[in-house]
Amino acid sequence: MLRQDFNRVDPKRRNVVDHRKKQFADPAYKENQYPHRLNIYATPPTADITLEQFEQWAIDRLRILAELEACSFRNKSFPETLAHMKPLLDKYLPLESNTSSSTRLAAERQKDHYSHFILRLAFSSTEDLRRRFSRVETMLFRLRLELDSAKERMEFVQSLNLDWEPVSPEEKMKYLAELGAISGFRKGGADEETYFKVDWERVPDLVESRRVFLRAGKAFVPSKELSSMVSVEFTKRLHRALELTARALPRLDEDDRLTPILDHLSKNFITPDSAYSSGTSDVPGADISARNIDNLSTNFPLCMQHLHRSLRRDAHLKHFGRLQYTLFLKGIGLNLEECLVFWRSAFHKVTDDQFNKEYRYNVRHVYGDVGGDSNRRGGGYSPFSCQKILTEHPPGPGEAHGCPYRHFNLENLSALLQGVGITDQSVLRGVKEDKEKQKFHMACNRVFEHVHKNEMKQAKDEGVMTSAQLETIVHPNEYFKRSYLLKNLNKVKSEDVKMSE
Ligand code: SF4
C-alpha cells in the first residue's frame, strides 16, 4: 500500500531539494540552553544563522585551533600556551564564566557551539583531518577546563552524567592508606581529597601510570585527575561523532551554498601554520623566476637547499623530492609557466619528449592545472609544513626530500651545514644537541638566527619587525620569506616588510 502511494508521487517533485530536509533527519527547532561555560557538544544546533555568521564563526574557531596546533608543535609548555592563547581566545572565541555580568554570555556560548559543529562538518571527511581536529579540539577543551573555577568545573562535570560514583566517606576511610600511597600524598593529604569510582577500563592511562587505586574492577580516581578523565571522555565522544558525521557527509554535497565554504575551511586546516597556497607568501620586490632560483636558494631553509643542490648535481630528483620542492617553489610565488621552465632546464639530461611524458604533468597537477584539479580547493596542493616534512614519507636511499635535521645522520648533517657555510662551532654543537633531543625545528631556527643575527637585530631596533613576527618558524616558506626580507631590509620598504601576525 505504502509502496503504491509512493509510486504515485509526481517524479518531477522528487527532485526538488529542500536543503534543510535533506541534511537533518529531524530539523525541528530546539532552543539551546547553555547553563555551563563549557560544552561537550552532544546536541547539534538547529536554530537559523546567516551564511556570514556560518563562515565567520568557523574561521574564528579555526584560527584558535591552528594556533593551538602551532603551540604544540613548538613544544610550548602549558603556561606558555595559556599566555599565548589567552588574548586570542578573548578576541576570537571568548567564553565568560557564569559569575560574569556580561550580557553576551549566551551569544558567546552559541558561537562556540555552532562553530564547533561547522568545523565538524569541514573536518570529518578523512581520517587524518578527523584525528587532527579531535586532537586540537581536546586541547582547547582541556585549556578551558583548567581555566574554569573549581565550582563551575564540578557543576559541569556533574551535568555530564558520566556514571562516576563518588567514593563515600566510609569507603575512603577504609582505604585511606592505599589512596594516600597512589596519590603521593603526605600523611593526611588523602583525607582531604575527593575520589570517584569508575570502571577501570575507562581510565587506562591512569591505571598504566599507577595513578589510581584498583578495587573489585573499579578505579578510585582522585579529583585532581578529573581534567584528564573528562578530556578522555570528550575525545572518545568526539571521535564517535566525527565518524557518524563522515558517513552523513555525502548528503551535504548537494548543498551548493555550504560545500564551497566547508572546502575552503578544511583546506586552511591542512596548512594551519601558513596560507601559502594562494600567493600570500609573495615577497614584495623579489624576482621570483626560473632564472633567479639559484640566487634565491641562499635564502632557502636547509631542506630546500639540499633539494636544490641535489637537483643541480644530478639533474634529477625522485618523485617525493620533486613534489616537496615544486610545492615550495609554488609557495614562494613561482608561477606555473616559470616552474615548468625551471624543471625543464634542470632536467637537462632528458629529452623533451621524456620530460613532457614523465614530468610535465606532475608539475601541472601540483599547481592544480590538470586532472580536473583546477577547480580544486585553491588550485592544486599546498606547500608542506615542517610538521608534514618531518613526519611523513621519510626519504629512502637516493632520495633528497625530508628534513636534514631529522633524516640525516649527524656526520652528513654537519657536512651539509658546513657546505652551505655554517662553520661556527657553537652553532654546530647546538644543532647536535637539538638533534639528540629530537627538536629538529629548533635546530633549524638556531641556524636561521645565526645566519640572520645582524639583520634581526636591525629589524628589531628599527621597529620593522616585532619579536612576535620573528618567533619560531614552522614552515619552509615562512623561512624563505623571512630570510629574504631580512637580507633585503634596505631594499624593501618598511611597510612591505611587516608581516601579518
Ligand atoms: Fe625544512 Fe622545516 Fe626541516 Fe627547517 S625544520 S629544514 S624548514 S623541514
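In case you wondered, yes, glycine gets a Cβ from its N, Cα and C as well.
According to TrEMBL, the features are:
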BINDING   Cys303, Cys386, Cys403, Cys444  [4Fe-4S] cluster binding site
DOMAIN    298-480  domain 'DNA primase large subunit C-terminal'
Neighbourhood of Cys303 ([4Fe-4S] cluster binding site) by C-beta distance under 8 A, where only residues 6 or more apart in the same chain count: Gln324, Ile389, His401, Gly402, Cys403, Pro404, Pro476
Secondary structure of Cys444 ([4Fe-4S] cluster binding site) (DSSP, helix/strand/coil): helix
Listed in sequence order, residues not in Cys303, Cys386, Cys403, Cys444 with Cβ within 8 Å of the centre of the [4Fe-4S] cluster site Cβ atoms: Pro301, Leu302, Ile389, Leu390, Pro404, Tyr405, Arg406, Phe440, His441, Pro476
Surrounding CB atoms that lie within 10 Å of the CB of Cys444 ([4Fe-4S] cluster binding site), all protein chains: 26
Per-region confidence, the domain 'DNA primase large subunit C-terminal' (298-480) (mean pLDDT, whole number): 88
Number of Cβ atoms other than its own within 10 Å, given for Cys386 ([4Fe-4S] cluster binding site): 24
Local Cβ density at Cys403 ([4Fe-4S] cluster binding site) - other Cβ atoms counted within 10 Å: 26
DSSP three-state assignment (helix, strand or coil) for Cys386 ([4Fe-4S] cluster binding site): helix
